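Undergrad: One structure coming up, written as structure tokens, with questions to follow.
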Amino acid sequence: MMKIKITKSTILLIISFLFILAIMAYIGLDKIIKVLINTNPEYVILAFILQILVSVILSARWKFIIKILGYSANFKNIFLLVLMGLFINNITPSMRGGGEAFRAYYLSKLEEIPKGLAFSTVVVERVLDTAIFLFFTLFVIGYFVVTGFKYLEYLILSWIFLFSLTAIIIYLIANKGLLIKTVTKISKFICKYCSYNYDETKILQSIEEFYNSMKFFKNKRGWEVVVAIFLSVMRYIFDILKLWLLFLSLSYVVSVICVSAVYLITLLSGVLSITPSGFGTADTVMILSFSAFNIPPSVAAAVTLLDRLVSYILPTILGYIAMLIIKREIDKKKGK
């Protein structure tokens, strides 16, 4: 008989799914279905196009950052790597946090870019995204401090956690000796339990490449930083517009400010989530947050389900296909 391996992530995913079903049942499945039946598919398609455009923007930003370092990378490969990164983010605990290392690793394989340099590009991306996100969410938290929100303490805790994590990473980068000690200890631990060969020379070489590229970033001109920030902000704007379009698909008019606030709250709530892509936690917070803005629970639940389709299910499928293509390309390179 074939044995089925059940992981902790699978169990958590099932529990989260059942929890969402319970919330849907409490709101009224018949009410939610009634709202979904009247969905305008044209707006959903537009939302999906925006989702693809977000990936294009992320790819353009990454290519720009790589170009700053004096390297050239094929846009198709970068786009596939971004899709693969989204796939990995969607199947790992918390939100938007698991795919960067894989993207950097496969970038070095596909484009023959030094590993340390490849990792520095995704670190710069992460710092940009996190800084902009923390800045925006600080205003949202301030708004809810004044107006009141049931889960305000949870949001503040998530913000502090993300800020602290970012500060620790920046502190490690600023202290080369400490970073080397940390990376070597983690590498030894991983190699011990994952049957990888520990090569300290390669690790130290990658760290040196990483620092050389970070120095290069530090000396860049202002306009190049502005372009990178602009593309990062555009990514968030497109994400918010995508969610707003899903309301229009249900013929429900809602302010962009409301959608922006809930979008940021939902991302923030997923920081402390232990389920893949914040599944369950983020959905619950999204429904409750929209309800706090006096949006009918049935509409809030319907939009949440549509958002999962557009922002989670379809990108996960595309990301998996992208990962298969990337692995095939790498196998071809090995065969040459």
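For all residues, glycine too, the Cβ spot is worked out from N, Cα and C.
Remember, it's a predicted structure, so these values are computed and weren't measured experimentally.
Got these off Swiss-Prot a minute ago, pasting:
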- 9-29: transmembrane segment (TRANSMEM)
- 40-60: transmembrane segment (TRANSMEM)
- 68-88: transmembrane segment (TRANSMEM)
- 127-147: transmembrane segment (TRANSMEM)
- 154-174: transmembrane segment (TRANSMEM)
- 223-243: transmembrane segment (TRANSMEM)
- 245-265: transmembrane segment (TRANSMEM)
- 285-305: transmembrane segment (TRANSMEM)
- 306-326: transmembrane segment (TRANSMEM)
Undergrad: Restricting to the same chain and to residues at least six past its boundaries, which positions have a Cβ under 8 Å from a Cβ of the transmembrane segment (154-174)?
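TA: Residues 123, 127, 130-131, 133-134, 137-138, 141, 144, 182, 214, 265, 268-269, 271-272.
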Undergrad: When you look at the transmembrane segment (68-88) alongside the transmembrane segment (40-60), do they share 3+ Cβ pairs under 8 Å, ignoring any pair fewer than 6 residues apart in sequence?
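TA: Contact between the transmembrane segment (40-60) and the transmembrane segment (68-88): present.
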Undergrad: Have the transmembrane segment (9-29) and the transmembrane segment (285-305) got at least three CB pairs under 8 Å, pairs 6 or more apart in sequence?
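TA: Per Cβ check, the transmembrane segment (9-29) touches the transmembrane segment (285-305).
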Undergrad: Check the transmembrane segment (68-88) against the transmembrane segment (285-305) for contact, please; criterion is three or more CB pairs under 8 Å, pairs 6 or more apart in sequence.
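TA: As far as Cβ distances go (cut-off 8 Å, pairs 6 or more apart), the transmembrane segment (68-88) and the transmembrane segment (285-305) do not touch.
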Undergrad: When you scan the chain for residues with a C-beta under 8 Å from the transmembrane segment (306-326), skipping those not six or more beyond its ends, what do you find?
TA: 36, 39, 44, 47-48, 51, 55, 77, 80-81, 83-88, 90-91, 106, 110, 239, 242-243, 246, 249-250, 277, 279, 283, 286
